[in-house]
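Features as listed in TrEMBL:
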DOMAIN    1-281  domain 'RNA polymerase beta subunit protrusion'
DOMAIN    47-247  domain 'RNA polymerase Rpb2'
DOMAIN    335-400  domain 'RNA polymerase Rpb2'
DOMAIN    440-497  domain 'DNA-directed RNA polymerase I subunit RPA2'
DOMAIN    547-925  domain 'DNA-directed RNA polymerase subunit 2 hybrid-binding'
DOMAIN    927-999  domain 'RNA polymerase Rpb2'
REGION    1012-1033  region 'Disordered'
COMPBIAS  1016-1025  compositional bias 'Basic and acidic residues'
Amino acid sequence: MLRSNRCHLEGMAPAQLVAAKEESEELGGYFVVNGIEKLIRMLLVARRNFPLAISRPSFQKRGPSYSTFGIQIRSARPDQTTQTNVLHYLNDGNVTLRFSWRKQEFLVPVMMVLKALVETNDREIFEGIVGAAGSKGFEERQFVIDRVELLLRTYKAYELYGREKTRAYLGKRFKIALQLHEETPDEEAGTEFLRKIVLPHLGSSNVTEAQDTDKFRMLLFMIRKLYSLAEGECSVDNPDAVSTQEILLPGFLYGMLLKERLEEYLNNIRGALSEWSRNNNWQPFTGEQFRKEFESKILRRMNENIGQALEYFLSTGNLTSPTGLDLQQVSGFTVVAEKLNFLRFISHFRMVHRGAFFAEMKTTTVRKLLPESWGFLCPVHTPDGSPCGLLNHFAHKCKIATRGVDVSTIPRLVSQLGLTNTTAVSLSESVVVQLDGRVLGFCSPKQAKIIADTLRFWKVEGTHGVPRELEIGYIPNSDRGQYPGIYMSSTPARMFRPVNYLLLDELDFVGPLEQPHMSIACVEEEITPKEHTHVEFDPTHILSILANMTPFSDFNQSPRNMYQCQMGKQSMGTPGTAIRYRTDNKTYRLQTGQTPIVRPPLHNEYGFDNFPNGMNAVVAVISYTGYDMDDAMIVNKHAHERGFAHGTIYKTKKIDLDESNRRAKTSRTITKLFGFAPGGLVRSQWREKLDDDGLPHIGSFIRQGDIIAASHSVTYNPVSRIYENRDGETQLHRYTEHEDAFVEEVRVLGAESGAEPCQAVSIKFRVPRSPVIGDKFSSRHGQKGVCSQKFPAIDMPFSESGMQPDVIINPHAFPSRMTIGMFVESLAGKAGALHGLAQDSTPFRFDEEHTAVNYFGEQLRRAGYNYYGNEPMYSGMTGEELHADIYIGLVYYQRLRHMVNDKFQVRTTGPVSALHGQPIKGRKRGGGIRVGEMERDALIAHGAAFLLQDRLMNCSDHTLAYVCRRCGSFLSVTSVVEGYSKARHGAVSGVKCRCCAKRVDTEENVLVASKRRARAQAEREKDNGNGEGSATAAAAAATEKEGWLPKSEIWEDGAGNRFTGGNDVTVVAVPGVLRYLDIELASMGIKLKFNVEP
């Protein structure tokens, strides 16, 4: 990982990073795998060590009596691996514990687990769940009492008394599942089961009696909460709210994977040691023979494969795990950290995904924006397509705890504030106090409020050892609301954010679990005494980094702000300052980037001026010439000539002389070398493009088809120890792109061994990209459009001061989009340019009393301009004043990476599919543009039959095919040789129908068939009134008399078979795919018959 403690960039100052050819402010935190920058994406997972009340219909599928209710807890060990335990409520009142181990699910009666944890009795369990008998409200809890009695009664059927017997019973059944040795005692296996499976956050190594007691108390609390959920006393928790979620951090996931691989490796070594011991008469491992054979016969046979497994995970994002790591997905863990521009790059580090499992769900519940997300997840910065609501970004002040904090003093402080170890029957009398999923005790609801407030005061004050990052989740009592209590968290992976604590006027960190039950004012004007305890430092804390860059976003319609967050990441900007040393496949760079006049202070705080992303443009809102219809924009040709939005694309092409063995780390056989063949022909045209080493000149201009490298084949001469060329032939490598370019850089790539001649080069090409008609632009308000015309400056409108707009947009772009922020930015930019000021565009700064138009209008008025930003303008074509004043100002415009030169597709003729003759698809392959079903429907609706035939057949797979008129088949026609007597002399071929023809086997059959035909012809002519003495009849009689037959009527197929007839064949124009369909259906036994009309 870059800038980690294993990276040579760790601790480098900006000057040192520049000297190392890196970015001066290199962020780090990502990996370089096979030359590609890969980032492990953050995922939202269930909150650790918090019992979550859930209701899922799928729970009923566990068994016939299972209900929809359950309590789920994701228990995290100190090494960050987790184990999920679920308590299921059965309709008869029983409770079972479900867990998953190595992708297998198991169900265990919860009473068995309770009895195995500690030496206990039924009374202790009863009072731990229900409360002390005889306490207030005991008689009202008959629902819970009946079910606990049933729970205790049904467990007696197992006849397990005492902790040791219960553990032995569990160990006997789970010994194989836990992969323990068969000779392990049952009780020890049961202890291992409790250590690994049951609430491991309360003890997962060297578990003590006190830790088992903590697990016992936590299970009792979970059962109590489950019964309250089933009774309707509390509501279900929302698993889609951030209050019940945390972040799966990349380092934790990487560590979990590494731990699992190491465990597998050690298990394999253990198996190999057992096998060695068995084969060597159980000799001790301290003997001399073991020392000799350990490395050769045991260690070397082990395939550790740890590094390759981690590299595979990073390069593909796929998780190959025998346990599943308690995760709901197996792919999509890594993404490419694209450096299209700095906004896109920095967004990868603030991105959090809900998970690939939820992307496949049809329900929209997981995508909804909930109030609990305020200040943690940005409501604006999310894609507008299929990942909407699943791929979110953190608010810019939201932080994530990467390590736990010291809370050793908390149990003592809380006990001093008034806790008891026993719980009352009613929630109105007693609520729980927990710290990181461990029950500290119980107190009254009134005392719980005092404890939470006192701890918060000490936390902000920094006294009594209460850490400032501690989350104090106080959930008050409510009527059938969330289950009450105090849930404190100090673990890593939590989200928290800064707010101002009013009592001390100091910084306080709040988490997502405590925020919904706190009173936090958004601005100071909203503060109500004795109600609000906190106030926001700034209302912009709700937005992400990119959303804060949208000027005056509170004036815009919300979808437009969403669009800008996406288009800002698609803009052609400055990806970095070290792009000279990078070899990305494609890099976009804006050559004339500027700092925006209208920008928030965060623009400077995050250093965006180092990576300019657009240009300040003079924009006039006017319908001028009609070229600005439908979001199109007119660009001043003079501005274009001065470099407006001029950009460059850098493309890298790699030429490898040994593709087959490129990744080999050992020495290879060299068969080719760069350069001209010694003694061979070298043309002068080659010398113009290439140097003596066969590589192109830096800065040379390259067109499609030009040579960019030369190589020749060689063989190694062991006598002279040199590589020799024997054929004198030079192989040329050509530039295949359609776009002209310049050679920017040539890198010579060495082999892994470092002792071989150059076998690969990387050539970077520079492609100038000046804006052309059709290129896409956008303001910072989601107002995107294409350049429709580059208008001459003499025809552009101009103001009284002679100012001409760089861009003209249509006023119809505003009413439906409601992007009033763009109007305000135009005013502010104009005023800032006149006064030489950078205007603050932070949202939520203006209200109905202090309006933006008044603030910026006064600045314009003082500069001698119109208060509202309008100016009289004159037509550049006629010189006459336009009838209406024109709104003109400065707006920061972005050039997006969607350019015509990358997308245009045109084709006259080109490659077609060999199967059916239709044009292939794909722009790079010279394919055609598909006319789909909807386009076809549109052509039919317009009655454009000629166009329809032209596009769907003539320009596609027009084919001339033979078809039989009589049987209507394409498949029965065949090429033949007419007149079999002449076949040896190469007779002219024809096309006949085999199905309609009659086979002729011998000479006699030929004669008989000829006689029959002559007789039939005579009868037809007789019926037509020709009489008996017709010439045809006479000829027939003569034929019968002489026995002679004209053999020109007989034809042969390719196999030498003779036929007669089948002459009714014609040529038709059909789509080639129709013949393909006919053949495919015939292979399935389906015959098509076509009616052929003249």
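Cβ coordinates are placed from backbone N, Cα and C, and glycine is handled just like the others.
Those TrEMBL annotations? Automatic predictions, nothing curated.
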Practice problem: Could you give me the DSSP helix, strand and coil counts for the domain 'RNA polymerase Rpb2' (927-999)? | Solution: 25 helix, 21 strand, 27 coil
Quiz item: DSSP says what for the domain 'RNA polymerase Rpb2' (335-400): how many helix, strand, coil residues?
Solution: 17 helix, 12 strand, 37 coil
Exercise. Give me the stretch from 335-400, 440-497, 547-925, 927-999 with the greatest number of Cβ pairs under 8 Å to the domain 'RNA polymerase Rpb2' (47-247).
Key: 440-497
Quiz item: So which of 1-281, 335-400, 547-925, 927-999 has the most C-beta pairs under 8 Å when paired with the domain 'DNA-directed RNA polymerase I subunit RPA2' (440-497)?
Solution: 1-281
Quiz item: For the domain 'DNA-directed RNA polymerase I subunit RPA2' (440-497), what does DSSP give as the number of helix, strand and coil residues?
Solution: 17 helix, 17 strand, 24 coil
Quiz prompt | Rounded mean pLDDT for the residues that make up the domain 'DNA-directed RNA polymerase subunit 2 hybrid-binding' (547-925) | solution = 93
